[in-house]
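Quick look at what Swiss-Prot lists:
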DOMAIN    1-53  domain 'ClpX-type ZB'
BINDING   Cys12, Cys15, Cys34, Cys37  Zn(2+) binding site
BINDING   Pro119, Thr120, Gly121, Ser122, Gly123, Lys124, Thr125, Leu126  ATP binding site
REGION    401-435  region 'Disordered'
Amino acid sequence: MGKFEDKKQLRCSFCGKNQEQVKRLIAGPGVYICDECIELCSEIIEDEFEGNTESSPLEASNLPKPQEIKDYLDQYVVGQDRAKKSLAVAVYNHYKRINANKAEDDVELQKSNILLLGPTGSGKTLLAQTLAKMLNVPFAIADATTLTEAGYVGEDVENILLKLIQNADYDVERAEKGIIYIDEIDKIARKSENPSITRDVSGEGVQQALLKILEGTTASVPPQGGRKHPHQEFIQINTSNILFICGGAFDGIDKIIEKRGTKSSIGFGAEVKGKSEKNVGELLKDIMPGDLLKFGLIPEFVGRLPVLVTLEALDNEALVSILTKPKNALVKQYKKLFELDNVKLDFTEEALKAIADEAINRKTGARGLRAIVEETMMDIMFDIPSEENIVKATITEETIKDRKDPELEKLPEGEVRPTLKTEKKNKARKDIETA
């Protein structure tokens, strides 16, 4: 009888204890769990959650210092030291402010959004992307040219926030500490320095619409994007701790700065001043908020972007460094592509300089480098998979400038290069034999 009762006794499916050995046994479909196992699971989940919270780079103890931020940017972005220092300090202060405002204090620190000014292809977007990657925070890129004032055809400014929420997997709390990069911000400048009489829905109107979210407000975001309508549900997001980085080329602002710097005088004794010998990069260093107003940004908008960071146009030396030095440099990427076919790829120093010169001539900066290399490599990348005796390709200056074929190193006729997989097997076999 006792044996029969023992068989019928209920046990925890995880630890094996019977119902008499535990306080409570909870039944599920064909499974049982005791209160002790539930408590243990709860502790494990809590420890993991605390571990993730502690490792957050935004906590005061883990927040990277400006020097550490700059060192990280140096790995991916060539040159622009002044811009990297300014960005590192601004980002450090922003997240330090978030941690400080959590505490009960009389002094509330205000947000300092950032305005990046620099020519096309100088690294504005890459700097913002790299910062977000380092800090492990949600990041979204928006194009200011697609935005219009509410009620007109185009995107509402709230759609920018939706991109950030989506990139945070709809975790609103995490999105509220993210970074938003608004590109082409110079394209929403009003058409003249004076206030417009007619409605400027894609210029001044967008600036007005952006004011609140830049400063910090609780915005209502449609979960599916598009226009708002009264009967839909909204996601509420507070933008007070979102860092906004706006970037633009601001073509022509150098003339405004130059004009401000050269005061002309009238009369026979007047000093005749020639055109400034400074280049665009040097002139941008002298930028003042008043220059942005003359360019067409409204005073309230300029006031919400207090940190002005200028980037210089990239010269030949900087572009060659961009091709070769960063962790994910373009030359390294193409060498890896060829390596997958077991072919060695080399670029001569003259070829790299020729690629950089072409990018400068096209006025595309670093952004145009990939297009130039892709044009050059198209034929050889087409031929290599079929011509199995090629083991090395060297890109020369003539390949870039005159579109001549690369210098190829081939195996004797009839021989075929081994595949990467075969070569690895042969190497492993040789290592075993010599061991």
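Glycine is treated like the rest: Cβ placed from N, Cα and C.
Predicted, not measured: the structure shown is a model, and the values here were computed from it.
When the alpha carbons of Thr125 (ATP binding site) and Cys37 (Zn(2+) binding site) are compared, the span between them is 50 angstrom. Cβ neighbours within 10 Å of Leu126 (ATP binding site), excluding its own Cβ and spanning all shown chains: 19. Within 8 Å of the centroid of the Cβ atoms of Cys12, Cys15, Cys34, Cys37, where the record puts Zn(2+), the same chain has further Cβ atoms from Ser13, Phe14, Gly16, Lys17, Val22, Leu25, Tyr32, Ile33, Asp35, Glu36, Ile38.
The ATP site is defined by Pro119, Thr120, Gly121, Ser122, Gly123, Lys124, Thr125, Leu126, and by the 8 Å test on Cβ atoms against their centroid, the other residues of the chain that qualify are Gly118, Gly247, Leu311, Gly365, Ala366, Arg367. Taking the binding-site residues Cys12, Cys15 in turn and counting surrounding C-beta atoms within 10 angstroms, the largest count is reached at Cys12. Counting other C-beta atoms within 10 Å of each candidate's C-beta, the binding-site residues Thr120, Ser122, Thr125 are led by Ser122. Across the structure, Cys15 (Zn(2+) binding site) and Lys124 (ATP binding site) are spaced 57 Å apart at their Cα atoms. The Cβ of Gly123 (ATP binding site) has Val77, Val78, Gly79, Gln80, Ala83, Leu311, Leu314, Ala366 as same-chain neighbours under 8 Å, each 6 or more residues away in sequence. A gap of 64 Å separates the Cα atoms of Ser122 (ATP binding site) and Cys12 (Zn(2+) binding site). In the shown protein chains, 18 other C-beta atoms lie within 10 A of the C-beta of Cys37 (Zn(2+) binding site). The local packing around Cys34 (Zn(2+) binding site), expressed as other Cβ atoms within 10 Å of its Cβ over all shown chains, amounts to 24.
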